[in-house]
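So that you can see what the record holds, here are the features copied from Swiss-Prot:
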- His46, Glu199: Zn(2+) binding site (BINDING)
- Cys79-Cys190: disulfide bond (DISULFID)
- Cys207-Cys215: disulfide bond (DISULFID)
- Ser132: phosphoserine (MOD_RES)
- 1-26: signal peptide (SIGNAL)
Amino acid sequence: MMAAGPRTSLLLAFALLCLPWTQVVGAFPAMSLSGLFANAVLRAQHLHQLAADTFKEFERTYIPEGQRYTIQNTQVAFCFSETIPAPTGKNEAQQKSDLELLRISLLLNQSWLGPLQFLSRVFTNSLVFGTSDRVYEKLKDLEEGILALMRELEDGTPRAGQILKQTYDKFDTNMRSDDALLKNYGLLSCFRKDLHKTETYLRVMKCRRFGEASCAF
């Protein structure tokens, strides 16, 4: 039988994950900075997993196995986020300040709000794709969490960040077109990569500030 302590912690984490940031911050104005970081990491981790699952399901359903490697090494797999000076891994992220990482995370997050707003109209035929109507809502929720952290660290309203010179296109609803399939495949690949970056940055910040035993990742 699971001990009461771990069970309570899991239930609390799940409850916080289900709360919108406005409730978390509004209902618990004295919430610690570590709590805000813990929430942000949970939400980013959940979104990253959802992005990875959706990508794998799309790949399995629409992209022949023999074509996957070739496609991933072509221009269709280029991500606009690569045009900004974002760290590519944990070691590079360690060289950036917390505010720099938060601004980059916010930029990555906001670059997907437009394309993902109507994602559910594209993917409707599986259990994984069936969750896509909630991705936009979860992304907006993570945006609020990042802004809340920036307000805490800046002790005020976050300054406007850099704007991507290019943004992601919307997903193509014409799934019978090869061009549309390749476009959507590339977008899902970029979404997965960008969410991995965001999760990595948030985890680096949380571990750096609070030195937890679980910082190895």
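Cβ coordinates come from backbone N, Cα and C, glycine included.
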Of the recorded positions His46, Glu199, Cys207, which sits closest to Cys79 (disulfide bond) by Cα distance?
Glu199
Between Cys190 (disulfide bond) and Cys207 (disulfide bond), how far is it from one CA atom to the other, in Å?
26
Including all protein chains displayed, how many Cβ atoms other than that of Cys207 (disulfide bond) lie within 10 Å of its Cβ?
19
Count the other Cβ atoms sitting within 10 Å of the Cβ of Glu199 (Zn(2+) binding site), across every protein chain shown.
24
Of all the disulfide-bonded residues given, Cys79, Cys190, which has the fewest Cβ neighbours within 10 Å once its own Cβ is left out?
Cys79
Count the other Cβ atoms sitting within 10 Å of the Cβ of His46 (Zn(2+) binding site), across every protein chain shown.
15
Cα separation, Cys207 (disulfide bond) to Glu199 (Zn(2+) binding site) (Å, whole number):
12
Give the distance between the Cα atoms of Cys207 (disulfide bond) and His46 (Zn(2+) binding site), rounded to the nearest whole Å.
18
Where Cys207 (disulfide bond) sits in the secondary structure, as DSSP reduces it to three classes:
helix
